[in-house]
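Working notes, structure below.
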Amino acid sequence: MRSLVLLGMSSLATANSLWSSKAASWDTTNEAYTLGNGKLGVMPFGEPGAEKLNLNHDELWEGGPFEVNGYRGGNPNSSMTEILSEVRDEIWKKGTGNDSRLHGDTDGYGSFHSLANLTIAIDGIDKVSDYTRSLDLGTGIHTTTYSTGKGKYTTDVYCSYPAQVCIYKLNSTATLSKVTIYFDQLVEESSLWNATCDSDFARLRGVTQEGPPRGMTYDTIARSSIPGRCDSSTGKLAINARNSSSLTIVIGAGTDFDGTKGTAATDYTFKGEDPAEYVEKITSSALSQSESKLRTEHIEDYSGLMSAFTLDLPDTQDSTGTELSTLITNYNANKTDGDPYLEKLLFDYGRHLFISSSRANSLPPNLQGVWSPTKNAAWSGDYHANINLQMNLWGAEATGLGELTVAVFNYMEQNWMPRGAETAELLYGGAGWVTHDEMNIFGHTGSLVVNPCTSPEQGPTTFGCTHWQQLIHQVYENAIQGAEIAGETDSTLLKDIKDQLPRLDKGLHIGTWGQIKEWKLPDSYDYEKEGNEHRHLSHLVGWYPGWSLSSYFNGYNNATIQSAVNTSLISRGVGLYTNAGWEKVWRSACWARLNNTEKAHYELRLTIDQNIGQSGLSLYSGGDTPSGAFQIDANFGYLGAVLSMLVVDMPLDSTHSEDDVRTVVLGPAIPAAWAGGSVKGLRLRGGGSVDFSWDSEGLVDKASATGVSSNVRIVNVEGTVLV
């Protein structure tokens, strides 16, 4: 039974800023707040008067063809189809087999790499009071304020997509003292980088490897609105700002990576032009404009995206005036009401992270988004296809950020497809292209093969793995339905898909203890262990985030499938296997699709309790992974979990016509703790959006739709038609 929350006891909070009364330390991913424009990522930290910006560039990687001659992206030198046939024969005979002979070479795989730190040192700052730093999620601007005996200081930092630079603006109520700016690269050998300066800028150029072959070149400039004196021996620019109360610094960066040069025609080099001219141009261009113009254009761009969707939840704990680190520290998963203000704040932060790390001209966000302070990021800061990469996109389309997903499709076209065509030919003797679980930015595709298959990160190498069968089912349906929209002219391909679909094993088998089976193998092989709390829910990918089980099999309305999913989730535990945030938000979304409000909300609360750091970023808490390592997919997956509590919106399969009615359910798992909340701008499949609100029990009672097809039936969880 839902508990009653009196809305009159609290007001709806805007929940639009993260703030702290303490400066962030060098432990940036646990304490600092993030900014970005897709290409550049920034984490401001450091004490007043010695503020630093930790900088990243989305393309800066070590490894790959820049550092390894003859780099092959994990592919073999010659065809492996005979070995593949032998492995398959072994599996058909024994049920399982050894596919190690097919594994790709990981030499030169590399890692996402920190760009630099920029220090802005202000002379004479001591006896600081009234310190506050905040990130406004409505504007994407990070503001630090503090007072000294000389006056009040304010610094604003933001990363502009229109200008392709980040801006640091310093203001003081008194005239400024000397300000010194300089770069350093503390995670790399000093022989690999060089800090220089001129009268109006500080600069750092570096390379990831001296060679041969010479590694990737990177370049970053911080250009000042007030000229100064360059110390060429240190690369420090000393700015005498005593006649001014403000200073603007524009930061730009680039590399010689070129995503369009990863084809056979370019020998998969990914080698582009030296970034020097580009970096000089964008920083000069930005500084030629007024800071107010740069700010206005940034806010228009950022806020236009952020304001496309609004989630309002009640501030039942009076949390609005409490800093983020305290809210996180005091949060308890076992407190059933949670803290709706914080839960909404983290939802908004997830959208901010996506806006800041996924743009039309950038790579998609990797496992660290675009923020890593180290030389070797955890898990290389790469892309994991089994769940993590797709989790990054769970909240994009429904919350009005669909245009930003172009980054991942560009990455697939430029990075996966060219080398993946070689993988398909060498490993499978087939046409088309293929990629496997772990990818870098250099077209690495060759690790584990699809068939033979495995269930991600556990179990045997076998055939007919549930994870893959459910995905293939969904891919086939998508191809059939998308062909007309895309203007597909390959009639042979479509005929093959349509002929194969009825014969396809679709990954729905219920086991002896009532679970969705993870492998097609008979139970006598004893791989289906009840109580296996592995982090992945691979056999439920067709329940969420997919819909082969939940929609194509009508599982959302089928008691037998619902029971099997429920049994599987209970067996899998609450997500403490490695105590990662992403395993919990996935469970939350699955429970929400079962209309199980209690468990969906608990998993959300457990994520905050166990995995959200003082910065609002998701950190590992233990297990067999690096303790405290930052991994961004839980921040993005959090969006998907909350959206699953707010809506069930799934496509029909290809047997249905355009005239068939599709049902959308609003509020399948809204907790009573969110009483009186509302949503504006939730985008639905097929176009259009819906606004809705709910009562003190979490039951949606009001809704209005804009641009939604008449064939879409919108109901609440009790089946009441709303629109």
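Backbone N, Cα and C atoms are what each Cβ position is placed from, and that goes for glycine too.
Going by Swiss-Prot, these are the annotated features:
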SIGNAL    1-15  signal peptide
CARBOHYD  Asn77  N-linked glycosylation site
CARBOHYD  Asn98  N-linked glycosylation site
CARBOHYD  Asn117  N-linked glycosylation site
CARBOHYD  Asn171  N-linked glycosylation site
CARBOHYD  Asn194  N-linked glycosylation site
CARBOHYD  Asn243  N-linked glycosylation site
CARBOHYD  Asn334  N-linked glycosylation site
CARBOHYD  Asn558  N-linked glycosylation site
CARBOHYD  Asn566  N-linked glycosylation site
CARBOHYD  Asn595  N-linked glycosylation site
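In the set Asn171, Asn243, Asn595, none of the glycosylation sites has a C-alpha within 10 Å of the C-alpha of Asn566 (N-linked glycosylation site). When the glycosylation sites Asn77, Asn98, Asn558 are ranked by how far their Cα is from the Cα of Asn243 (N-linked glycosylation site), Asn77 comes first. Between the CA atoms of Asn194 (N-linked glycosylation site) and Asn117 (N-linked glycosylation site) there is a gap of 13 Å, rounded to the nearest whole number. Across the glycosylation sites listed here (Asn98, Asn243, Asn595), the residue whose Cβ sits among the most other Cβ atoms within 10 Å is Asn595. In terms of C-alpha distance, the listed glycosylation sites Asn77, Asn98, Asn171, Asn558, Asn595 place Asn171 closest to Asn117 (N-linked glycosylation site). Among the glycosylation sites listed (Asn77, Asn558, Asn595), Asn595 has its Cα nearest to the Cα of Asn171 (N-linked glycosylation site). Checked against Asn334 (N-linked glycosylation site), the glycosylation sites Asn77, Asn98, Asn558, Asn595 differ in C-alpha distance, with Asn595 being the nearest. Closest to Asn98 (N-linked glycosylation site) in space, going by CA atoms and restricting to the glycosylation sites Asn77, Asn558, Asn595, is Asn77. For Asn77 (N-linked glycosylation site), applying a Cβ distance below 8 Å and a minimum sequence separation of six or more within one chain yields no residues. In the structure shown, the C-beta of Asn117 has more C-beta neighbours within 10 angstroms than that of any other entry among the glycosylation sites Asn117, Asn171, Asn194, Asn334. Secondary structure from DSSP puts Asn171 (N-linked glycosylation site) in a beta strand. Here the glycosylation sites are Asn558, Asn566, and the one ringed by the most other CB atoms within 10 angstroms is Asn566.
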